[in-house]
Amino acid sequence: MGKQSTVFICQNCGSQYTSWMGRCSNCNQWNTLIEEIKEEKESVGGEKKGKMQLLSLSSISSEKITRIATGFSEFDLILGGGIVKGSLILLSGEPGVGKSTLLLQLVQNLLNNQEKFQILYISGEESPEQIKIRAERLENSDKNLTTDKSLLVASETIIEKIITSIEEEKPSLLIIDSIQTVFSEKLNSYPGSVSQVRFCANEIMRAIKRLKIPTFIVGQVTKEGIVAGPKVLEHLVDVVLQIEGGEAQDFRLLRSLKNRFGNTDEIGIFQMGERGLTEVKNPSAVFLDEHESNIPGSVKTVFLEGKRCLLAEIQALIVPNYFPPLRRTATGIDYNRLLLLVAVLERRLGLKLQNKDIYIKVSGGLKLQDPAIDLAVCGAIISAYQNKVLSNNIVMVGEIGLLGEVRGVSQLNKRIKEANKQGFKNVYSSQSYKNLLDIQKVLNRD
């Protein structure tokens, strides 16, 4: 038996220390060091080492990447055309966001569309009975998941048993939910620790690469929104997908943070319902709230998510402040950006906002980081401040500088085209207006 020693491993970056520290000196994160027992293997003197196989590129046959269609066009778009055989895909997201639901629907689609296709679903969080209950709730297809023998489920957390089942069954697709619950009996650390996640992920990768089995592993995220566990997990897998959303909103955004077989500029948009997730074919129409158009403080804008141009509505409400302090509330946009835009409006347009409470909200529960929404935020504030209704045909796209100038944004022509496609013909941008003062004059004239 090897010598055992105690080490402290950072859960964020994987750095090791001989004693506990409040902050990791490598990644500067607080309270991320966890105590683990490390066992060092005894080396055998004179042991003959194996030799690796060396190949020239000319001797390697070029194989065309074969992909499996998921039945979700939004999912295929993100993956670059479908699931690549032998790929290891990490699907992460907050608890309850819909990771397991999405994977079960993926299973349903594959069994409907693929012949002689066997799927092995291993859960460390749910029993087979619980998986069946969820499958019954999602049943709305020609093939019944609860009676189809092509889907095999198991509740298991020991990696050695999982690897044995993979090698025996050789499924067409493997799903492990989740990697944080899987552990090896060879290690003394607990499930979800850095060493366990790293070891188990490596074991899974070696098995599925050898057998060319496409595999999904589910990962949880921390409160900061990053994948829980060591960073080596993200480096190890071929694709990292993250599903975003919350209980308060029906929409789910599926992003690709890493993709060895495609680009990371696409997003998929789904809507959660009683029967699970459904694809949103026209997100812009969904994100635009339907309400009376004769109310001040509403402006449409076009923002970028990946390569896709989508429309959203910016709403502003301005009320007198009777009791200090002033309130500046931003829902869906960065709070500091709102403060900057309010300062520009006060200084460059002379708006008297020093005794006003300002509330900004993005419709649809969206969280926007695109600087191109600046102009729409300013337009909504001007409309609310002057209590003047803007034309329902107006869309505003542009970044605002500290001098009040309207700056150009990336892919402006594509944004204008999307606005026109949705029926908005009057687009305010840097192509037609140079500063906020020009726009204010036009709004006052209309």
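A Cβ is built for glycine as well, from the same backbone N, Cα and C atoms used for every other residue.
All annotation found in TrEMBL is predicted automatically rather than curated by experts.
TrEMBL tags one of the stretches 258-262, 273-277, 328-332 as motif 'RadA KNRFG motif', and that stretch is 258-262.
For the motif 'RadA KNRFG motif' (258-262), the list of distant contacts is 65, 78-81, 84, 87, 234, 237-240: same-chain residues at least six beyond its ends, Cβ to Cβ under 8 Å. Report note: the ATP site is defined by Gly93, Glu94, Pro95, Gly96, Val97, Gly98, Lys99, Ser100, and the residues of the same chain whose CB lies within 8 Å of the CB centroid of those residues, excluding them, are Thr101, Ile243.
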